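Participant: Supplied in structure tokens, the structure appears directly below.
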Amino acid sequence: MFHATTIVAVKRGTKVAVAGDGQVTFGQNTIMKHTARKVRRLHNGQVLAGFAGSVADAFTLFEKFEGKLEEYHGNLMRAAVELAKAWRTDKYLRTLEAMLIVANQEHLLVLSGNGEVIEPDEGVTAIGSGGPYALAAARALTKHTNLSPKDITYEALNLAADICVYTNKNIVVEEI
């Protein structure tokens with residue numbers, strides 16, 4: 001459904017990292033940008049967020065999510081649930097084509113375009129066209145190594161870029 005990106009996140013204990021590639025693809029066959037930043041710090045650096053999907057839609061969701069974070073004083077779960085409610089019920093928001101991964105030291109969540117809030121069981125998740133590849137790599141590295149979340153997300157995204165034509169190796173990793 002969503003092309004032109006991969007976002008992967010890993011949470012181990014109180015350490016969490018979110019990584020994204022830099023490729024922006026126009027249509028099915030033209031790379032428009034190699035160095036986009038799809039992972040950001042929010043709420044005074046206490047929350048990480050990454051997006052897959054339409055760039056304009058994702059920026060709208062970032063703005064809405066950041067507003068909810070402020071409204072609920074940094075409570076990630078509450079902000080995510082309230083954004084999901086708005087996403088499901090608001091006529092304009094329902095048309096947005098994007099997904100978000102948001103995380104802090106306590107929670108790692110996926111916010112989908114259907115207004116779902118999903119907290120992965122194993123502290124590992126990925127979205128975007130290269131998401132399945134990055135997810136498989138991150139799960140294996142989490143299970144069989146002692147690498148940090150930062151290193152796991154970097155290596156998982158690097159592997160996804162070897163497989164997915166919509167993902168490049170211009171990797172940005174944010175960690176808290």
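Cβ coordinates come from backbone N, Cα and C, glycine included.
Marked as active site by Swiss-Prot: Thr5. Summarising the annotation, Swiss-Prot assigns Na(+) binding site to Ala161, Cys164, Thr167 and lists sequence analysis as the type of evidence.
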Participant: Starting from the Cβ of Thr167 (Na(+) binding site), draw a 10 Å sphere and report how many other Cβ atoms land inside it.
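Facilitator: Step by step: centre on the Cβ of Thr167 (Na(+) binding site), count other Cβ atoms within 10 Å, giving 30.
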Participant: Around the recorded Na(+) site, report the further residues of that chain (criterion: Cβ within 8 Å of the mean position of the Cβ atoms of Ala161, Cys164, Thr167; site residues excluded), sequence-ordered.
Facilitator: Thr6, Asp21, Gln23, Ser129, Gly130, Tyr133, Ala134, Leu157, Ala160, Asp162, Ile163, Val165, Tyr166, Asn168, Lys169
Participant: Between Ala161 (Na(+) binding site) and the residue listed as 'active site', what C-alpha distance do you get in Å?
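Facilitator: Cα of Ala161 (Na(+) binding site) to Cα of the residue listed as 'active site' measures 9 Å after rounding.
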Participant: Between Thr167 (Na(+) binding site) and Thr5 (active site), how far is it from one CA atom to the other, in Å?
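Facilitator: A Cα-Cα distance of 5 Å.
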Participant: Compute the C-alpha separation of Thr5 (active site) from Cys164 (Na(+) binding site), stating it in Å without decimals.
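Facilitator: Thr5 (active site) to Cys164 (Na(+) binding site), Cα-Cα distance: 9 Å.
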Participant: If you run the three-state DSSP split on Ala161 (Na(+) binding site), which class comes out?
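Facilitator: DSSP assigns Ala161 (Na(+) binding site) to helix.
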Participant: For Cys164 (Na(+) binding site), which residues in the same chain are close in space, meaning a Cβ under 8 Å from its Cβ, but six or more apart along the sequence?
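Facilitator: Within the chain, Cys164 (Na(+) binding site) has Cβ neighbours under 8 Å at Thr6, Ser129, Gly130, Tyr133.
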Participant: Hey, which of the recorded positions Thr5, Ala161 is the loneliest by Cβ count within 10 Å?
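Facilitator: With the recorded positions Thr5, Ala161, fewest surrounding Cβ atoms within 10 Å: Ala161.
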